[in-house]
């Protein structure tokens, strides 16, 4: 049995966790081992009690956060904690708050009151003081199907339990090693000791994927290209209306949808359309289409809305300005107050699943993309790297992708050997 299977065998069912949330109990939710690999105590903000808060503080870091929908965060006038969010996971912290009635705000009783108030649909901004001792978080619309984080998991669980979409989360600290965080084996023992259910975000994603659809297939047509004839399948996101397209060769649902050659390609107007030499996006798109046509079976999912690794076209051009002044592609984004990579792959996973794909040979130089897709119910059988043409216009960008973002780019090392002066 693999480590992944062993960990999964120690988990309870999503249905059991939802039932406990509805009953006012806490559960523990663990995320992907390649993400934070941490377990959070989670319960519904609407049903917060001093006892639940005291338990959370006793066994966690004590940094209690309250995930809310973006709509509720706006209604309560909860702006971002900082204009320049540099959190590695893109966690959307807002200003901290306390209920405006109570004592110091730090006690379990006061924090439970603040949490219930955050979940109250009748509450408004005047019911809170700022700063405080509870940290609201803004959850992504679409929940764990869009972002596989504890923030979204808490909101999804509360909603699935028939409660207000507001949760309470805090990371479980290891009792066996108080300097670190608890991992799955210890979390299982912790949950057994305290009669708590333990589930994973991966399970919750799978549960939601089976029960909900966030993309709709709209149209299907033949698409002749310079690389051969494909089928173009158009989709629309139910969340924000973004129009997406899958370029399909052959019968990808045959053989159980196993080991399908797939490229999940992030939109890049400058590289894909204008042939920009600052990036390798156009090269990767064209090579992927060629490989798939050659194989006779595969998919390119073209992810609109991923421009500039998710920051948008104009922001990407502003980042280019900063790169012209010496910043690399990561620092340029951060200097603009934007994440180095804001992309999420839940929508692409749903498109692949709708097409009948169950496991895939991923065409990518980015190992992190594997984690993003696997966390959304798609299994990665293998990964096919794409050779890139390295030249003076893109070498700095490619070096940053290799050195700071973990991309697999052996062609860069070859270029460095041939150009030691650079």
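Cβ coordinates come from backbone N, Cα and C, glycine included.
Just so it is clear, the model here is predicted, and its values are computed rather than measured.
Annotated GTP binding in Swiss-Prot involves 263, 264, 265, 266, 267, 307, 308, 309, 329, 364, 369 plus, out of the candidates 218, 283, 284, 417, the residue 284. Here residue 341 (active site, proton acceptor) is positioned 18 angstrom away from residue 150 (D-ribulose 5-phosphate binding site), judged by their C-alpha atoms. Cβ neighbours of residue 279 (Zn(2+) binding site) (same chain, under 8 Å, six or more residues apart in sequence): 268, 270, 271, 394, 397. Taking the Cβ of residue 341 (active site, proton acceptor) as reference, residues of its chain lying under 8 Å away and at least six apart in sequence are, in sequence order, 309, 310, 368, 405. Apart from 268, 279, 281, the residues listed for Zn(2+), the same chain places the Cβ atoms of 266, 270, 271, 272, 276, 278, 280, 282, 284 within 8 Å of the centroid of those Cβ atoms. Residue 267 (GTP binding site) sits 8 Å from residue 281 (Zn(2+) binding site), counting Cα to Cα. Cα of residue 171 (D-ribulose 5-phosphate binding site) to Cα of residue 265 (GTP binding site): a distance of 34 Å.
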